[in-house]
């Protein structure tokens, strides 16, 4: 490659979305260490000599093809690999990747599909390819890895030289000015925008609120929902039917972080939009559900109308050689099994300048047409090159634009603010998805609001926002743009997020979640019977029917309030089906020692799973844990002198499972640690004690739930005994901590141990009775429809139910000014 511009100083205000942080120089980007979860593949593999790895790999793959008379890299007569281009220089590839109707169905793979009569065979000698083959789960993926590696090794995959069509010697960077006054006057021919929303997850209400904020009748909205997010897809289909200028892609891909599939999604969306002749759009803007506007639609339209010939992309702001190295552009990647596998080195094609930065951009129609439909050497070969690239959307459009005839239209600004906090966001949190160490921006909080009020630079969107983490900042921004909702508007401080919906099927739930949801239903019905029932009346007594219908997380003022379980029941008085919703709230389990110690740094302690080091919270809201889970202990600290504390984990019968010391530095805010406990954990209420100089400071409790379901079926006695008796000999670790029991006044009661042993054999109603109680409270119950219980409230009239009014996220008719908000 060559660069057409001198090296630039690193910009301190760079807000690019790419994963090449300025302070991330010394991280090993490889991902070849064994994974933490148990796998069939042997973790010591990476340490063995390369030749032995190859032998084992050959045996493994060969065993699967046994009887087919094929070598490791061969295929049986009926096993056809996905079609793929024969060679990078083939100009027909651009046609293959171009014109398709937007009604096309598509899979979720990111790499272009290959067609080859003969599978290339070669000696797979690269350690990265061997590692990928060893870790890939499906046979199809292993074949793709082998095929791609061999084609690359034979020089059939990557373009060596690419034509540059930009007439400029260096990189163009048009300056654009932000004039607060000028944008108040709408031009006579305002631009119309195609908003492409690429969304995933389950935060449908946050998506609807964002959509409400960006909607205008003059623009167009094309929505792609990740093919793994079926609940969100159902919600999007439902609200999109209300508006003629909203369409949902009929094809769906699995747009994994860093994957080639995201670029495929953008390119296919562009082709679709260009073929919609009834949508005369001028600009393409990509957004996610974690974005929010920070200026109004009128301001955005006035600005883009003034610069309608420009393309807005944010560059990395550092020299190209370093960018290529840190972004792994000189490495070959392949996406399959919803993972990006690193397969080895490659060369950057000669003849062009490689650029990159943020994968959030605003592109004009003329350039989108060029990228989508051109079959010239640059576009064709860049599509091939970036089909095997990590984070391709962070570089493909930059590189094509900078080397194309449109190069003089580039503005080095993507008109966004991104909330980077490198210390928190660069925790290699995507290593389970990508063979690479990546970064991600943080969620905005109320203390960041001043950043949206700056008027010097043209910025129109910000990210990231997550209502499940902090909704207050979204409310502040929404009011800043569009004014406050009327006084007394319900639901403004509430947030609901679905975690289960009946069409998902119970197979989508873990046995722990299914167990707990059924327990919550029983607790709710017990509450209804005790608080609503009158003597001699059965009208408020119910019998549960089937599995939960839906489950929501409920937050109020950014505090988790518990689960809302919608479920079907039979009313015992009239023998008719009704549908109720039960609100379950966790009890407070953190307790400061009494009398309090003079150690004042500890503010809070919690145990859970799915610790998010970036946002510093447990994503397993409510801490639903079962015997086979691996809990993490978290502590939150105030500032103070360096200290060492002792953490002790105690099981339900006072067996000390683990003890360890933590050094708390003076500036530490959070610590977390997952002790390597032998499984299964004994069901019941556990205690985690925190001591300073062996003086108790505080303790927190957590429930390990015994499972009433195994593989979604009622658990059998032999399964219950195996899962609910604790680890063999009650040994959670090789080392015994029994000598600490007298020191901590933790006495092991033989009767208690015997009762725990009996509990382990429980199934059916006995098991259910053991489970309920303790750590959760049924706060309220309501009916979603008609009910024979005269004192049962209707869910839509409560403040807490997922059926209660939520005007901030509800989508209605278009207002006279063309907006929804």
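Placement of Cβ uses the backbone N, Cα and C atoms for every residue, glycine included.
Not measured: the values here are computed from a predicted model.
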Binding-site annotation, Swiss-Prot, UDP-alpha-D-xylose: partner of 226, 255, 256, 257, 359, 360, 440, 463, 464 in 198, 379, 411: 198
Of the residue ranges 780-800, 801-821, the one that Swiss-Prot records as region 'Disordered': 801-821
Within the region 'Disordered' (801-821), residues counted as helix, strand or coil by DSSP: 0 helix, 0 strand, 21 coil
Same-chain residues at least 6 beyond the ends of the region 'Disordered' (801-821) whose Cβ lies under 8 Å from its Cβ atoms: 205-206, 208-209, 211-213, 215-218, 239, 242-243, 297, 475, 478, 481-482, 485, 489-492, 494, 496, 498, 550, 552, 554, 564, 566, 581, 583, 782, 784, 795
Count of other CB atoms lying within 10 Å of the CB belonging to residue 789 (disulfide bond): 22
Average pLDDT across the topological domain 'Lumenal' (1-821), rounded to a whole number: 87
Candidates 150, 428, 437 (disulfide-bonded residues) - the one closest to residue 789 (disulfide bond) by CA: 428
Residue from 166, 286, 428, 642, 782 whose C-alpha is spatially nearest that of residue 360 (UDP-alpha-D-xylose binding site), among the recorded positions: 286
For residue 257 (UDP-alpha-D-xylose binding site), the number of other Cβ atoms found within 10 Å of its own Cβ: 16
Spatial neighbour of residue 122 (disulfide bond) that is closest, considering only the recorded positions 463, 642, 782 and their CA atoms: 463
For residue 789 (disulfide bond): DSSP state (helix, strand, coil): coil
Minimum Cα separation from residue 439 (disulfide bond), reported as the residue among binding-site residues 198, 255, 257, 463 that achieves it: 257
